[in-house]
């Protein structure tokens with residue numbers, strides 16, 4: 001049974017937006033719309049307690065144990081070496097940092113350990129086991145061949161004593177081979193959800209849950225989460241919120257399901273959520289040719305995998321053009337479900353919830369917050385992460401003892417396949433070191449941390465778009481003030497510098513030295529000067545209403561002039577987030593008397609449409625991959641071909657940015 005198969009509903013097949021077959025999110029079997037309504041009406045008690053509106057700080061709190069555990073799973077890890085190998089590797093890096101064996105040490109974000117993904121054993125979904133044996137042998141072989149060949153090249157190209165020393169340092173060569181092989185093995189396990197023939201684990205879990213969801217209440221709330229996901233920026237904070245709320249929905253409706261074990265035993269990883277909610281968007285109605293859609297997904301997965309593995313080349317395949325299949329309309333123009341959105345806005349109000357504390361907690365003590373101390377928050381987070389690592393080591397030791405006992409009595413009790421295939425252990429977490437200084441980088445759409453020219457692969461302004469309705473309004477006001485600052489032909493960088501200075505002066509209550517941990521001030525979004533908490537009136541026209549608060553100004557200081565310039569005018573990833581984000585929907589809190597009505601409308605219409613097609617997001621991800629990948633001759637040829645198509649794509653999507661050829665090597 002394929003869990004991602006969309007089954008036609010038995011309800012009405014002509015929604016308000018035109019005649020087409022109505023589909024529900026990936027289910028098996030799919031409940032009819034009439035059964036959903038009947039079950040809802042027959043369960044007044046369940047309806048009264050269901051007040052889930054999505055994207056709320058009630059379900060994702062920075063100090064909760066679940067949040068810390070999710071962040072722990074999203075951190076990179078490094079396999080430790082013994083002292084002798086570590087000393088040899090350090091000496092090799094000092095002598096020849098460009099050696100292929102040392103390039104992977106430079107990419108600290110790559111070395112991590114995560115277990116395999118096996119929904120089958122834990123949930124008894126089906127007998128088929130998810131494996132990646134072929135991928136494993138290929139990756140390890142390539143890693144060994146690259147290092148070996150690289151050593152020969154390095155030895156022949158380096159002239160003088162330094163080159164001779166690097167070529168003859170056998171201990172360093174062995175250290176590089178052992179570390180790279182171990183890291184690649186753990187990266188292979190992490191990338192299991194990104195394989196071509198691996199099913200979506202979330203779809204498998206959803207199919208099981210729907211069989212137990214007798215009154216369809218869980219389906220309605222899951223549909224609301226998917227609806228809000230379509231209007232959320234693709235940022236690390238968005239991924240964390242989705243993971244947390246999805247987990248809470250499972251815990252709330254299926255108490256017998258040990259959701260903690262899904263992450264602890266690596267049945268689910270962060271890339272399962274990337275795949276389901278952002279890359280493949282399994283809940284979205286299929287538009288166009290099924291094979292073309294599959295190719296878009298597989299290409300996107302290959303690019304993400306290449307960034308995680310730190311490969312030298314970007315898996316870019318120039319799209320084939322079929323003249324006979326030309327479309328008269330712009331294929332990149334998306335019709336949004338305006339009637340459904342209007343209905344949602346009519347029965348909702350912008351929430352004052354703000355995820356700034358969670359944002360600071362995520363990136364405290366990392367390179368993303370390099371100029372922001374956050375000492376107390378950093379100390380708290382690191383202590384919690386260390387506690388989780390210690391608990392994981394104890395769990396590993398317990399599981400190993402149980403496996404040894406099972407082996408001793410092997411023929412008498414038989415083998416338990418769940419323990420020997422990696423599904424019951426932590427997959428080597430106890431043998432790896434958490435890279436706390438990098439942060440939960442695998443929550444990001446670009447799962448690699450780089451810095452270049454005062455920018456990084458984590459855009460704080462994109463993260464801020466997922467924080468609150470208020471932050472989106474102030475960001476839009478900031479953009480308006482920059483582009484309309486004066487009538488003279490002043491460069492954008494100068495405009496940003498001047499506007500930023502004005503904004504910092506306008507900040508009503510600047511932070512003093514006593515507020516070193518600025519996150520304490522971001523519990524709720526500020527109200528208007530009159531005390532009104534209704535943000536429908538906030539607009540960029542009234543500067544008093546859209547005035548930034550101290551927390552917002554602090555984030556602007558951290559981003560800097562260059563980061564603001566990159567976000568608004570240079571980066572296609574940021575431009576895509578600006579295009580798709582609808583803060584009124586994302587942070588809309590449904591009125592209590594219309595919660596069930598709106599959820600039913602969303603589930604029935606099944607319009608989970610993003611304002612940018614998945615192919616556009618694929619090209620944006622390719623652009624980001626080219627930015628962080630080392631330039632080789634083959635890579636330069638691919639980049640030239642890609643840039644010609646990419647600039648045309650931006651024009652077709654009506655996205656106006658600084659020419660990408662100017663910024664492809666300038667920022668990350």
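The chain as shown is numbered from 1 upward.
From the backbone N, Cα and C atoms, a Cβ is placed for every residue, glycine too.
If you look up Swiss-Prot, you'll see 1-35, 392-430 marked as region 'Disordered'. The feature compositional bias 'Polar residues' is assigned by Swiss-Prot to 1-10. Summarising the annotation, Swiss-Prot assigns compositional bias 'Low complexity' to 19-35. The region 'Zinc finger 1' annotation in Swiss-Prot covers 200-282. For 200, 203, 276, 282, the entry in Swiss-Prot reads Zn(2+) 1 binding site, with the evidence type sequence analysis. Annotation source Swiss-Prot lists compositional bias 'Basic and acidic residues' at 392-401, 410-419. The feature region 'Zinc finger 2' is assigned by Swiss-Prot to 459-574. What Swiss-Prot records for 459, 462, 567, 574 is Zn(2+) 2 binding site, and it gives sequence analysis as the kind of evidence.
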Residues in the region 'Zinc finger 1' (200-282) per DSSP class, helix first, strand next, coil last, are 59 helix, 0 strand, 24 coil
Would you list, in sequence order, the binding-site residues among 459, 462, 567, 574 whose CA lies within 10 Å of the CA of residue 282 (Zn(2+) 1 binding site)? none
Mean of pLDDT values spanning the region 'Zinc finger 2' (459-574): 80
Starting from the Zn(2+) 2 site formed by 459, 462, 567, 574, give every other residue of that chain whose CB sits within 8 Å of the mean position of their CB atoms, in sequence order. 460, 461, 465, 563, 566, 571, 573, 577
Say we define neighbours as other CB atoms within 10 Å of the CB. Which of the binding-site residues 203, 282, 459, 574 has the fewest? 282
What does DSSP call residue 459 (Zn(2+) 2 binding site) in the simple three-state scheme? coil
In whole Å, how far does the CA atom of residue 567 (Zn(2+) 2 binding site) lie from that of residue 276 (Zn(2+) 1 binding site)? 26
Nearest-integer angstrom distance between the alpha carbons (Cα) of residue 203 (Zn(2+) 1 binding site) and residue 462 (Zn(2+) 2 binding site): 28
In angstrom units, rounded to an integer, how far apart are the Cα atoms of residue 459 (Zn(2+) 2 binding site) and residue 276 (Zn(2+) 1 binding site)? 23
